[in-house]
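Worksheet: the structure to be examined is printed underneath.
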2 protein chains.
Amino acid sequence: MDERVLLTGAEGRVGQAVLEGIGDAYEWRLFDRDPPAEETDYEFIVADVTDDEAVRDAMADVDVVLHLAGDPRPEAPWDSVLTNNIDGTRTVYEAAVETGVDRVVFASSNHAVGHYETERKPDLYRKHDDYRLDGTELPRPSNLYGVSKAAGETLGRYYHDEHGLSVACVRIGNLTKGHPPIDYERGQAMWLSYRDCAHLFERCIEAEYGYEIVYGISDNDRKYYSLERAKDVLGYEPQDNSAEFTIEGEPKEDE
Amino acid sequence: MDERVLLTGAEGRVGQAVLEGIGDAYEWRLFDRDPPAEETDYEFIVADVTDDEAVRDAMADVDVVLHLAGDPRPEAPWDSVLTNNIDGTRTVYEAAVETGVDRVVFASSNHAVGHYETERKPDLYRKHDDYRLDGTELPRPSNLYGVSKAAGETLGRYYHDEHGLSVACVRIGNLTKGHPPIDYERGQAMWLSYRDCAHLFERCIEAEYGYEIVYGISDNDRKYYSLERAKDVLGYEPQDNSAEFTIEGEPKEDE
C-alpha cells in the first residue's frame, strides 16, 4: 500500500482493467482528460497529457507512472497521434526525469508491429503455426497509431539510456472483458483477459528491469507473440487462454 | 538525364555533397526553406517541408525524392524535431503517396543508434574491435534528434508496407569534406567522404529495393557499422577509408 502510482488515461479500457484487478494494491492517482464517468474514491486529476505543467504536478511523490493516455483509435488521424501520443508521451518521460520518478510503464500496442502479419495471415493466428514476434524486431506499424506507439517505445529507450529511467513498453493485444473476441481469429490470437492485464501491469510495477519491450497477451494457443520476455524478466504468469472459451464465442478449430 | 529528383534540404551539407557528386546525372528540383546561398541553375523552391501543399506541388512529375530536410542539430530541442523532422517527414511520405511518387530516400542518422556506443567506447571505434551494427537492431537514440530520425525510419516502414512506397533510410555518419575529422576517433569510425556520399545516394536512386535501412559511411578501418546491406542491395562501392589519410588529420594508431 506504500507505492504511489500515477495512472494516465485512467478512464480508458486498459485503465479500468488495471483498477479492477489491482486497485487495492497501490495508492493511485488517476489522470485523464475526461472527468470520471462514475463517482470515484481515487484521487483524480482532469488534465491533458500534453500539458507539461499539469503532468509535472501530477507526478509529485509518485513512484511509478503507468502511461496509458493517448488517442486509442487504430484509425486515428496523424495530427491527433502526433500530438496526443508522440508529444504526450515525451511530456510524460520528460516530467518523470524532472520530478525524479524512476519508472514509466508505457502502453504500446500490437499495431506497432501489425504489418508483420500481412504475408503470414491467417496461418499465424493458428495453433499449428509457431511463428513468433519477441520484441527484438523492428517496428512494422499497421497504421499511424502504430507509428506513434513505436515512437513512444523509442522515446522510452532514449529516456532509459540517457536519464536512467526504468521503462517497460507493453505491446497490448486485444483486451476484452469476460471472453475472447468472437469469430475473430486475430483477436483470439492476441487476446488479453482483464485479469492477465492487471497482473501484467502489477509485474511491471514490481519487477526489476532497465528497458523492456514485452507483449501483453494471455497465454493463447493461437499466439504469435512470445511471452518469454514477460515471463523471464517480469515474472508474468498469465492465467487465461482464448482457446479455453467454449461459449458462444468458441474459437474456430485449427485446420 | 531522364529521372527527375526532388531534393529537400538542398542547402544542407548532405545536399551539397550530393549535388557536387551527381549534380549532372539527374534533372534536379531543389527544395529548401532558405533561398540558395549562391546563384544556381537548378530549379529551386523556397518552402518549408511542413507545408503540405508546397511539398505536394514540388512533387509534380518527380520520380524519386531525396528527403534531407529537417533540423540537423544533434542538440535540437524537442519542439523543433517534432515539427521539422517527424511531422515534416510524414508530410513528405504522404505527399509522395498522394502524387504517385514511387520512392523516397530518407536521410536518417547515426544518432538513431548512438547509445549502442555507451558501454563499448572507445574500443568500438578501433580497428581491432569487430562489433558491428547492421541496421536490424532496434534504435537507441543518443538525443531527441536521433529519436526523430528513428521515427522517420518507422514512418517509412509504414508507408512502404501500407502504400508500397520504396524507401531507403540512410543512417549518415560523419560527413566532412576533404579529410576525416582530426583527433576524433568516433568521427573517423563513421566518416563519410563527399564522393562516397554522392555515390551512395546515386545507388539509392538506381537500385531495386522495397524498404531498407543502411549505414552511410566510407569503408573505414575503424567502422562499427556494417556496409554489407548497402553493398549487397544497393551496389554501394565506397572509395574512401579514414585510415588512409595521413595528413595533419592523421588518425590515431590502434592500441
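Please read every residue number as a count from 1 along the shown chain.
Each residue, glycine too, has its Cβ placed from N, Cα and C.
Bear in mind that TrEMBL entries carry predicted annotations, made automatically and left uncurated.
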Note: TrEMBL has A:ASN84, A:TYR145, A:LYS149 binding NAD(+), and from A:SER109, A:SER166 that site also includes A:SER109
What are the other residues, in sequence order, whose C-beta lies within 8 angstroms of the center of the C-beta atoms of A:ASN84, A:SER109, A:TYR145, A:LYS149 at the NAD(+) site? A:GLY70, A:ASP71, A:PRO72, A:PRO74, A:ALA76, A:VAL81, A:ASN85, A:SER108, A:HIS111, A:ALA112, A:GLY146, A:VAL147, A:SER148, A:GLY152
What's the CA-CA gap between A:ASN84 (NAD(+) binding site) and A:TYR145 (active site, proton acceptor) in angstrom, rounded? 10
Report the largest Cα to Cα distance, in Å and rounded to a whole number, among the residues A:ASN84, A:SER109, A:TYR145, A:LYS149 that the record lists as binding NAD(+). 15
Using a 10 Å cut-off, grab the number of neighbouring Cβ atoms around the Cβ of A:LYS149 (NAD(+) binding site), all chains included. 30
Sequence gap of 6 or more, C-beta under 8 Å: which same-chain residues meet both conditions with respect to A:TYR145 (active site, proton acceptor)? A:ASP71, A:PRO72, A:ARG73, A:PRO74, A:GLU75, A:ALA76, A:VAL81, A:ASN85, A:SER109, A:HIS111
